[in-house]
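**Q** From Swiss-Prot, for reference:
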type     : residues : note
SIGNAL   : 1-17     : signal peptide
ACT_SITE : H75      : active site, nucleophile
CARBOHYD : N97      : N-linked glycosylation site
CARBOHYD : N162     : N-linked glycosylation site
CARBOHYD : N192     : N-linked glycosylation site
CARBOHYD : N250     : N-linked glycosylation site
CARBOHYD : N315     : N-linked glycosylation site
ACT_SITE : D338     : active site, proton donor
CARBOHYD : N356     : N-linked glycosylation site
CARBOHYD : N390     : N-linked glycosylation site
CARBOHYD : N439     : N-linked glycosylation site
CARBOHYD : N445     : N-linked glycosylation site
CARBOHYD : N461     : N-linked glycosylation site
Amino acid sequence: MLKSAVYSILAASLVNAGTIPLGKLSDIDKIGTQTEIFPFLGGSGPYYSFPGDYGISRDLPESCEMKQVQMVGRHGERYPTVSKAKSIMTTWYKLSNYTGQFSGALSFLNDDYEFFIRDTKNLEMETTLANSVNVLNPYTGEMNAKRHARDFLAQYGYMVENQTSFAVFTSNSNRCHDTAQYFIDGLGDKFNISLQTISEAESAGANTLSAHHSCPAWDDDVNDDILKKYDTKYLSGIAKRLNKENKGLNLTSSDANTFFAWCAYEINARGYSDICNIFTKDELVRFSYGQDLETYYQTGPGYDVVRSVGANLFNASVKLLKESEVQDQKVWLSFTHDTDILNYLTTIGIIDDKNNLTAEHVPFMENTFHRSWYVPQGARVYTEKFQCSNDTYVRYVINDAVVPIETCSTGPGFSCEINDFYDYAEKRVAGTDFLKVCNVSSVSNSTELTFFWDWNTKHYNDTLLKQ
């Protein structure tokens, strides 16, 4: 009911959408000026490099030779999901029907403001040059993927110089598929690339990039009792401040929370968002930690199912590493969702699982997990296998930064010696059982991830889903 009502509201506001210019001249001075808040948007905003790079060079250590590269990437910048858009449009309706003159932080709404969701067909979808609110927007998912492709060629181009035909893998989410295709486009026309579209339906079982979708035991509300302890009074403070500046507006804590999503997704679509300017720095910090907390306990180390779910992809990754000498394909590129990447990183052990996050306060000294550092829109996790003299090593590069394995980083470039890595990986997956923990057999007969090995005969081409 709400969905229909909100869509009706939006439709009415879009009657003259065809006459709306793609941005205004005044936008030029604002676009690209809000990068400092990206780390506080919980991964909903544009891509940025991992801040904790430890000063380690991204370059291949001297006198070493790359043997294999794997990448698991998140789709690029997008419009909000349908469910998130409901909240944003409900709050927009409240603002658009305010009869007074806006004052204070909301005064920009007096200046012929154009709501950034101009067509509901864009919900769930990648932002592109065609659907962006402003043609000058530098943060579209389309351009991010193409930049990523150019960065890939600069860093690893020699790995595909003599391999003109290879596969790229994506979940059958429309936005993931679009990201993969834009990435392929960014590589240029030198390569003959086969895009394999892998189902993320629960019936895919283990043969998927999105194992949590194949997990009937997955609980979206797990650990809510912990999360409810987090102090969210700052949200009512935002609402009260804006209401005081604008008598009769009657914003709620829910509206205040929605403004953070509005801020992030408007930047994705427009290149900047005046809504972002309503927050104090303290409020951004409190919101950001709330996102860290929710992620840690619902898609990260704080949820005991996650390590088994992430093992589905991690086991396949380790198998590819072991077969690097016999596999013709030396580069393995995949695109999926943030949840899948977080599950994967949890199993690897890159995300600290020894110290649970507290909901009692913001732990500035002890908090080593920041959701947006790992999974901004367009996130990418690279696994590098390289040989130096007679020894071989593995290391991870997350969003442009080398992130060492804490207990295995004595190799060149803070890498992990290959046999030590295999021992480490075995310990990480010990006790995990994706099929059993998730009760996969109740929804699928597929018990193994095989698409990396059988794509050339099966030719995966699942129907795209708008999610």
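Just so you know, glycine gets a Cβ as well, placed from its N, Cα and C.
It should be emphasised that the depicted structure is a prediction, and the values quoted were computed from it without experimental measurement.
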**Q** Quick one: Cα separation, N356 (N-linked glycosylation site) versus N192 (N-linked glycosylation site), in Å?
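**A** Cα of N356 (N-linked glycosylation site) to Cα of N192 (N-linked glycosylation site) measures 46 Å after rounding.
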**Q** DSSP three-state call for N461 (N-linked glycosylation site): helix, strand or coil?
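**A** The residue in question, N461 (N-linked glycosylation site), is strand (DSSP, three-state).
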**Q** Of N162, N192, N315, N390, N461, which is closest to the residue listed as 'active site, nucleophile' if I measure between C-alpha atoms? They're all glycosylation sites.
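**A** Closest recorded candidate to the residue listed as 'active site, nucleophile' by Cα: N461.
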**Q** Going by Cα-Cα distance, pick out whichever of the glycosylation sites N162, N192, N250, N439 is nearest to N315 (N-linked glycosylation site).
**A** N439
**Q** Which of the glycosylation sites N250, N390, N439 has its Cα closest in space to the Cα of N162 (N-linked glycosylation site)?
**A** N390
**Q** Can you see whether DSSP assigns N356 (N-linked glycosylation site) to helix, strand or coil?
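**A** Assignment for N356 (N-linked glycosylation site) reads coil.
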**Q** Of N192, N250, N439, N445, N461, which is closest to N390 (N-linked glycosylation site) if I measure between C-alpha atoms? They're all glycosylation sites.
**A** N192
**Q** So of all those recorded positions, N97, D338, N461, which one's Cα sits nearest to N192 (N-linked glycosylation site)?
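**A** Of the recorded positions N97, D338, N461, N461 has its Cα closest to that of N192 (N-linked glycosylation site).
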**Q** Out of N250, N315, N356, N439, N445, which of the glycosylation sites is least crowded by other Cβ atoms within 10 Å?
**A** N445
**Q** Can you check which residue among the glycosylation sites N162, N461 has the largest number of Cβ atoms within 10 Å of its own?
**A** N461
**Q** Does DSSP put N192 (N-linked glycosylation site) in a helix, in a strand, or in coil?
**A** strand
